[in-house]
Amino acid sequence: MTGLDRLSYQSRWAHVAPQRKFLLWLAMMILAFVLPPVGQGIELLIIAGLSCWLLRISLWRWCRWMAIPFGFLLVGVITIIFSISREPQMLLAGISVGPYWIGITRAGVVTANETFWRSLTALSATLWLVMNLPFPQLISLLKRAHIPRLLTEQILLTWRFLFILLDEAVAIRRAQTLRFGYCSLPNGYRSLAMLAGLLFTRVLMRYQQMTTTLDIKLYQGDFHL
């Protein structure tokens, strides 16, 4: 069980109907797109406080979860701020590179500010939904939304194999660590290469075991969701 999945089961709203959670998330997303940057910042603070209270976690831990997508968002915002132009008077600040100027424009700063707060608020709302929606409730929500059965089964299998992959990786790395496989940088690279090779082999073996189990149970191509 991953950290996010474990948190979703300890949420104060773990047993609240998934439809209500989805509707609340939808309202959060609509507000994230229609509010001005100041309103988006206020919504972000409300979502952060609600997430910490529901999940019984500290604000620091929530910020660490948000730091993962924040890095990608920051790179995107930086690319919006900077522009290339032949007319330096259009730039607030810039440097010349041959016949071109690279710098910051007023429109770029405004767009970057709006994009930053809108995206960060939408990300926090989506993270709230993920951390408060256990996987069985997600499957139930997909069924109620009449998502094609094949797609739902694919999501279920992908989720299962994700856990298999993580379990095998943790077991192999623990065994390598006990044998001082990561005591130095060269040994670490060597152990990492061995982990990748063993992981591929063991996941294939687990897949074959699951296929055999399904055949024994007279699997006809449909999972009972």
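Positions of Cβ are set from backbone N, Cα and C atoms, glycine also.
Annotated transmembrane segment per Swiss-Prot: 22-42, 65-85, 90-110, 122-142, 150-170, in sequence order.
Here the transmembrane segment (22-42) lies next to the transmembrane segment (122-142) in space: the count of CB pairs under 8 Å, restricted to residues six or more apart, reaches at least 3.
If you look at the transmembrane segment (122-142), the same-chain residues 6 or more away from its ends with a CB under 8 A from one of its CBs are 4-5, 7-9, 11, 13-14, 18-19, 21-22, 25, 28-29, 32-33, 44, 47-48, 50-51, 54-55, 65-66, 69-70, 73, 151-152, 155-156, 159, 225.
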